[in-house]
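Colleague: After the structure tokens below, expect a handful of questions from me.
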């Protein structure tokens, strides 16, 4: 075994050197805090090995917020470099590494875990399930994601980050990118992608088989509908990515030639593989985001969602078309007029079902009794901003015009107007909206609104000038420019906008910390002044009981809970409760994640034997699990009755208080 020790440390960059010095102290400090407060046993037994979908969801969200910080720092470094002409703040290769990792982190390790966290917390509650279909697999999926996240972030201080862009095109990512950087990209995304594929299968089966029997597909809440359709995209889109990553890994480590022209390979094969996954990936994160908006807008408009069935069909239409547009990402690569024309038309067609959704949200708002809580503000801001992203997308869909726009900042502005307003706004809105369901108290609304205004205004100040920069010819991925180019003022404005966005995010962090100590606790579960419309608001707050529902709820309309409250009925009346069967926690996912992290690290540095040993460790863990006799455990009926009685008493007090105020 010849480990390449000479590649381990990145040298010659003061910023990376500071990170290399600071990272060990950060890890030691974290270990010291956990040890001092004697939290190791608690964390291992209650969180790391938990199969409770709600706790797994919270772990996803914690990781997503941390990756938001990391990706945001990358973005600020990019803007700092481009603020003034001929800047020497970053050298070219380091700049390439930063924009490459920024894209991967924000899409793979921020947006997706944010969405998966909300899936885990909300979807089983919305369909009346006690857990997901495969609780152990859910735990394994999280740790696979976590292993990929850790590996990818190690690249900054050990070995060097990938510098071939988030698309990692061959041959740039092949013979022109020596060292472990691209290997980090391939292995980390491969491991995380396996967890994503498992999550997609898990939630597909959960929604199909674990929903309450009286709930029909067209009666499901829109967040659950968009989740179900998204799982189909995950199941169909991730295998091509898995194959592509595996092929490029063998090219780099075992000297095959799938993407190397000199030996008969096809670099364009990578582009097709990548975007067959890459464009559906956009809808993997944006369709659940549409589902979030479809929950928030009716809640704070105090109206039924307009055109529920058309929203379902529009979601299905977008999912179908998402697999027919991938070539628009490389119109400029010589496909020919006929192929470009087909994919140009199919790209424009996506605007039709998306337009249906936009009009339905607007008609839901029409004559509604709207209140402007912070989740609603994000949802309202999404509509006009996303529309701008969509209109510029149609401009880019015109293949002939795309030759002018494609490699400029016009494209950068376009996809940020779609992904930030479509996904990031939704993630922040969803986090605030369902935060009481996780923690039992609302985040401070004043701080939330400061977060919204800084983030939304900063976003437009940052990215609107980039449309003009693109039309003025500024290429994307450019690490510096000359004063004579005339781009200084717009780049300065763009950087100011990025700083405003960072301040907005800091307000959210302050809100989380402040609310932990100051916000009043709520036990009733229907936390937004009794405006909840779906099943999750019928359960207790502060991580609902492990069993979620003491009895199987009835559900015959997507607004059933509103009807029940109007008629004074709820699910918490006295019942003859029975013992409830639940799955046991398991360490399997945690140890598979550890083996994956260690094995992946050795494979990144092309040291195969230790990686194989870790692979045997993974198989051994799986064999150990297969021979376990684990029948789970039962929550006694008396304990269920006591828990439900407390919740019923809290609900009665809430209704009495509301009646007294009125």
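A Cβ is built for glycine as well, from the same backbone N, Cα and C atoms used for every other residue.
Keep in mind that what you see is a predicted model, and the values were worked out from it rather than measured.
So Swiss-Prot says this about it:
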- 58-78: transmembrane segment (TRANSMEM)
- 102, 416: Fe(II)-heme a binding site (BINDING)
- 103-123: transmembrane segment (TRANSMEM)
- 187-207: transmembrane segment (TRANSMEM)
- 228-248: transmembrane segment (TRANSMEM)
- 273-293: transmembrane segment (TRANSMEM)
- 279, 283, 328, 329: Cu cation binding site (BINDING)
- 311-331: transmembrane segment (TRANSMEM)
- 336-356: transmembrane segment (TRANSMEM)
- 376-396: transmembrane segment (TRANSMEM)
- 414: heme a3 binding site (BINDING)
- 415-435: transmembrane segment (TRANSMEM)
- 451-471: transmembrane segment (TRANSMEM)
- 587-604: transmembrane segment (TRANSMEM)
- 608-627: transmembrane segment (TRANSMEM)
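Situate these features within the shown structure.
Modeller: There are 20 other Cβ atoms within 10 Å of the Cβ belonging to residue 102 (Fe(II)-heme a binding site).
With a cut-off of 8 Å between Cβ atoms, the residues of this chain six or more beyond the transmembrane segment (103-123) that come close are 53-54, 56-61, 63-64, 67-68, 70-71, 74, 132, 138, 145, 148-149, 152-153, 162, 165-167, 185, 189, 192, 196, 199, 203, 206-207, 223-224, 227, 281, 284-285, 288-289, 292, 419, 423-424, 427, 430-431, 434, 437-438, 536.
Residue environment of residue 283 (Cu cation binding site) contains 25 other Cβ atoms, counted within 10 Å of its Cβ in all protein chains.
Residues 307, 310-311, 313-315, 317-318, 321-322, 324-328, 390, 393-394, 397-399 of the same chain lie 6 or more positions beyond the ends of the transmembrane segment (336-356) yet place their CB under 8 Å from a CB of it.
Here the transmembrane segment (376-396) has long-range neighbours at 293, 296-297, 299-300, 328, 347-348, 351, 354, 358, 361-362, 365, 370, 402, 405-406, 410-411, 413-418, 421-422, 425-426, 428-429, 432, 449, 452, 456, 459-460, 467, meaning same-chain residues at least 6 beyond its ends whose C-beta is under 8 angstroms from one of its own.
For the recorded site, residue 414 (heme a3 binding site), the DSSP three-state label reads helix. Around residue 414 (heme a3 binding site), the same-chain residues at least 6 positions away in sequence with a Cβ under 8 Å from its Cβ are 389, 392, 393, 396, 405, 467.
For the transmembrane segment (415-435), the residues of the chain that approach it from at least six positions outside its boundaries are 61, 64, 106-107, 111, 114-115, 118, 121-122, 282, 285-286, 288-290, 292-293, 295-296, 299, 374-376, 378-379, 381-382, 385-386, 388-390, 392-393, 441-443, 448, 451-452, 455-456, 459, 463, 466, 508, 528, 536, judged by C-beta separation under 8 angstroms.
Note on the transmembrane segment (608-627): residues 1, 136, 253, 586, 588, 591-592, 595-596, 598-600, 602 of its chain, located 6 or more positions outside it, place their CB under 8 angstroms from a CB of the stretch.
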Colleague: Which stretch, 58-78, 187-207, 273-293, 311-331, 587-604, tops the Cβ pairs under 8 Å count with the transmembrane segment (228-248)?
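Modeller: Per the Cβ count, the answer is 187-207.
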Colleague: Between the transmembrane segment (587-604) and the stretches 187-207, 273-293, 311-331, work out which stretch tops the count of Cβ pairs under 8 Å.
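Modeller: Result: 187-207.
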Colleague: To the nearest whole angstrom, what is the C-alpha distance linking residue 279 (Cu cation binding site) and residue 416 (Fe(II)-heme a binding site)?
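Modeller: Cα-Cα distance, residue 279 (Cu cation binding site) to residue 416 (Fe(II)-heme a binding site): 14 Å.
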Colleague: Sorted by position, what residues of the same chain at least six away from residue 328 (Cu cation binding site) have a C-beta under 8 A from it?
Modeller: 279, 343, 344, 347, 396, 397, 399, 402
Colleague: Using a 10 Å radius around its CB, how many other CB atoms surround residue 279 (Cu cation binding site)?
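Modeller: Counting Cβ neighbours of residue 279 (Cu cation binding site) within 10 Å gives 22.
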Colleague: Restricting to the same chain and to residues at least six past its boundaries, which positions have a Cβ under 8 Å from a Cβ of the transmembrane segment (311-331)?
Modeller: 217-218, 222, 225-226, 229-230, 232-233, 236-237, 271-272, 275-276, 278-280, 282-283, 287, 290, 294, 305, 339-340, 342-344, 346-347, 349-350, 352-354, 356-357, 360, 396-397, 399, 402-403, 406
Colleague: List the Cα distance (Å, whole number) between residue 102 (Fe(II)-heme a binding site) and residue 283 (Cu cation binding site).
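Modeller: Residue 102 (Fe(II)-heme a binding site) and residue 283 (Cu cation binding site) have their Cα atoms 19 Å apart.
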Colleague: Relative to the mean position of the Cβ atoms of 279, 283, 328, 329, the recorded Cu cation site, which additional same-chain residues have Cβ within 8 Å?
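Modeller: The surrounding set, listed in chain order, is 275, 278, 280, 282, 322, 325, 326, 347.
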Colleague: Look at each of the binding-site residues, 329, 416, and point out the one with the fewest other Cβ atoms around it within 10 Å.
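Modeller: Comparing Cβ neighbour counts within 10 Å for the binding-site residues 329, 416 gives 416.
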